[in-house]
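According to Swiss-Prot, the zinc finger annotation covers 1-21, 27-49, 55-62, on the basis of sequence analysis.
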């Protein structure tokens, strides 16, 4: 994009970066139809629907 001089060593990093400029969000939540530019953001979002909390404190278990 004009004015962007970012460079990447891996093509997937460039692909992910291009989405910032295009606004392309190819990952969609099947529950609420919200779209995300990254699959890891969708995975985290889905937990808002399921209530899943996969990370617990080793000290107190919460």
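Cβ atoms are placed via backbone N, Cα and C, with glycine included.
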The zinc finger (55-62), counted residue by residue under DSSP: helix, strand, coil: 0 helix, 0 strand, 8 coil
The zinc finger (1-21) [mean pLDDT, rounded to integer]: 91
Helix, strand and coil totals (DSSP H, G, I; E, B; other) for the zinc finger (1-21): 11 helix, 0 strand, 10 coil
